[in-house]
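The active site, proton donor annotation in TrEMBL covers Y41. Among the features that TrEMBL reports, substrate binding site is placed at H103. Residues or ranges marked as domain 'NADP-dependent oxidoreductase' in TrEMBL: 6-284. Marked as site 'Lowers pKa of active site Tyr' by TrEMBL: K70.
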Amino acid sequence: MDIPQLGYGTFLATDPTKLKAALHYAIEECGVRNLDCAWGYNNQDVIGDTLKEIFDKGKIKREDIFITSKLWCTHHRPDLVEYELKETLQQLQLDYIDLWLMHMPIALQSRTDREYFPKDSNGKVIYEQIDILDTYKAMEECMKKGMTRHIGVSNFSIEQLERVWFNCDIKPYANQVECHVYKQHHPLIDYCESHNIFLMAHTTIGHPPLKGYRGCTLIEDPDVVSIANKIGKTPAQVCIKFLIQMSPKVIAIPMSLNPTNIKLNYDMNFILNDSQMSKLKSLDRFYAFKYYPDVFGVDVLGYGFNVWA
């Protein structure tokens, strides 16, 4: 199966009880069939327990759900790549995943503990010189072993994406990046469309409570709110619909633990007209809510890919 255009994100879902309840509701009641996970989110064990409960009921089967996970930066060393995927499969209680992404195009100090951002005595993140090509080739070997159906990348620029694609055997199935009304990634979307690569959009409704370039959160943007009011939908629904209506290659991954919001996020049975799409497109400033240089200390995505407008 190809990846469904609407997914369910699990980033920052740190409350096990709430996450389990939300997953049951999203999958069993709202029809979610695309689940976005990551080793680095530190919640795959809860997700695995929940999936087992769902599958054991017999109504929904493993093959009905497209499950993605991601390789974290401390496991880029080729001999640790398969190590992490084995742990991911164990946590999720699965024989395979559908898609495995390289989480970032940068390697941190290799280690097998849960220190996600290893730092030196001065508090600086410790990097390791590991070529992303070597990491990706190790991911290819895992795919050949049947541990994952597809492999891809995350937070990659076009240049980084091409470097992997042109120097390895397997074309990336997808590239997951921050993509929303304020950061629309039209060149990257056009590139993915023309080369049959999926663009998975995280941070689909911005990153509340962080404010954008207009001094408000994305779902409080006056133009977004105005469109939502006119069509009787929520601002979040408008933001999500905008992404999946832009291109069939864009996969939106909203995240919520609130049942009401979950249900609304997957109610996409409406169309934004040309005027509304044009207005939303005019709000693009390539504005990032997640500024990775603040996290990693360097611009991991390359100049121009992750800049503030």
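Yeah, the Cβs are placed from backbone N, Cα and C, and that goes for glycine too.
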Inset, instruction - Inside 10 Å of the Cβ of the residue listed as 'substrate binding site', count up the other Cβ atoms and send me the figure. - result: 21
Legend entry - Segment confidence, the domain 'NADP-dependent oxidoreductase' (6-284), expressed as mean pLDDT: 96
Inset, instruction - Kindly assign K70 (site 'Lowers pKa of active site Tyr') to one of the three DSSP-derived states: helix, strand or coil. - result: strand
